Each structure stands twice: as structure tokens, then as C-alpha cells.
Amino acid sequence: MKVAVAGAGAVGRSVTRELVENGHDITLIERNPDHLDAAAIPEAHWRLGDACELSLLESIHLEEFDVVVAATGDDKVNVVLSLLAKTEFAVPRVVARVNDPRNEWLFNDAWGVDVAVSTPRMLASLIEEAVTIGDLVRLMEFRTGQANLVEITLPDNTPWGGKPVRKLQLPRDAALVTILRGPRVIVPEADEPLEGGDELLFVAVTEAEEELSRLLLPSM
């Protein structure tokens with residue numbers, strides 16, 4: 001997967017490092033020469049320049065990228081880059097970092113943002129989710145204990161379509177906490193039917209993740 005990351009600060013580098021380790025092709029854009037350190041992540045393609053300048057985005061052929069990540073420390077830059085990526089280059093997935101919660105209302109599809117997040121680990125997970133429908137994605141590791149917040153997006157042709165939540169025989173130490181369906185946030189009652197495209201959020205121990213995948217994604 002080709003990913004362009006804007007911002008080589010702590011967040012941008014953290015995201016880039018994690019995605020590189022997972023085998024993705026990353027271009028890291030930074031406008032401050034003092035932050036440009038190709039030796040820090042030699043596997044990434046480093047570019048010096050302003051991510052809000054069309055000429056720079058054209059020079060890296062942004063239209064060929066699968067995902068753009070606006071990870072700078074400036075919300076204005078992140079919003080402008082998101083809009084350019086979506087409207088000028090038709091990038092399929094745009095993920096943006098929100099620095100100031102008061103600006104969160106700006107980070108929506110009207111400004112080209114598909115997903116707005118605020119923590120590096122969740123940022124990296126949601127970037128990868130762009131091409132991992134039908135995979136288990138670990139969104140967050142809790143500080144205490146061994147539990148994680150994990151997400152599974154059911155494929156459109158899921159065999160679980162139309163079946164109620166109570167039919168799920170979940171592994172021990174795994175709990176379904178939320179179903180995201182379009183704009184809705186659904187509390188998973190026993191009789192709630194599942195649908196293709198549902199995003200299921202679980203709290204589960206690491207050992208239960210593989211069993212969850214086998215249960216919900218048997219053909220994957």
C-alpha cells in the first residue's frame with residue numbers, strides 16, 4: 001500500500017515507522033529542514049516541502065497513493081491537505097490528525113477527511129484499515145492487563161448477515177462492546193441483527209484475537 005504522511009514530528013515518525021515495519025511503501029513529507037532525518041527511517045521516502053503546495057503533491061504523483069495521512073501539528077495544514085488530497089487527487093482514503101479538540105468539527109467529509117483521530121497508535125491502525133476490510137485491526141492496547149481494543153469489519157458477503165448477536169459464540173475473554181453501522185453507534189443487544197459492512201469493536205485479550213478472526217471471517 002502506498003501511503004503519504006505529512007509531518008515528520010513525533011506522531012508522523014511513529015506512524016511511518018509502524019507502517020514501514022508492516023511492509024507498506026511510505027513517503028514522508030516535512031517542510032522543516034531541521035526535522036528531515038532520512039537516517040531515522042531509511043526505508044521511507046523523505047521529501048522536503050510544504051504538503052499544502054500543489055506542485056509538491058503533483059511531483060510525488062499523489063493520485064497514485066492509496067492513503068494520505070495529515071499528521072502535522074497544525075490543524076489548518078491537516079485540513080487543507082485533506083481537502084487537496086480528496087478533491088484534486090481523488091485519494092481513496094484520507095486520515096487526519098486532530099491536535100485541538102475544539103477543531104474536531106472541521107474534520108469531516110466536507111473537508112476531505114474520511115477518518116479523524118488523535119493518537120498515533122489508532123492513526124496507524126486506521127490507515128491500514130483502508131485496505132483491510134475483512135481483517136482484525138488492533139486499535140489500542142490498554143495500559144493495564146492484557147486486553148486490547150480490536151475492530152473487525154464484516155465483508156458485504158458475510159455469512160453472519162441477518163443473524164442476531166446472540167448467535168455469536170465469542171471466545172472467553174472477548175466482549176463485543178459496540179457496533180458501528182454508517183453514522184449509527186449501536187449497543188449490541190442480543191437480538192440486534194448483524195449486517196455486511198458492520199464495524200464490530202471488541203475488548204479482547206491477545207490470545208482471543210485469532211479465534212475472533214476465525215469466527216467472524218471464516219473464509220479469510
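Placed from the backbone N, Cα and C atoms, the Cβ positions cover glycine too.
If you look up Swiss-Prot, you'll see 1-117 marked as domain 'RCK N-terminal', on the strength of sequence analysis.
Mapped onto three states, the DSSP output places Gly9 (NAD(+) binding site) in coil. Per Swiss-Prot, NAD(+) binding site is recorded for Gly7, Ala8, Gly9, Ala10, Val11, Glu30, Asp50, Thr72, Gly73, Arg97, and the stated evidence type is similarity to another entry.
If you look up Swiss-Prot, you'll see 137-218 marked as domain 'RCK C-terminal', on the strength of sequence analysis.
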Composition by DSSP (helix, strand, coil) of residues within the domain 'RCK N-terminal' (1-117): 46 helix, 27 strand, 44 coil
For the binding-site residues Gly7, Gly9, Gly73, the one whose C-beta sees the most other C-beta atoms within 10 angstroms: Gly7
Summary of DSSP states over the domain 'RCK C-terminal' (137-218), given as helix, strand and coil counts: 14 helix, 32 strand, 36 coil
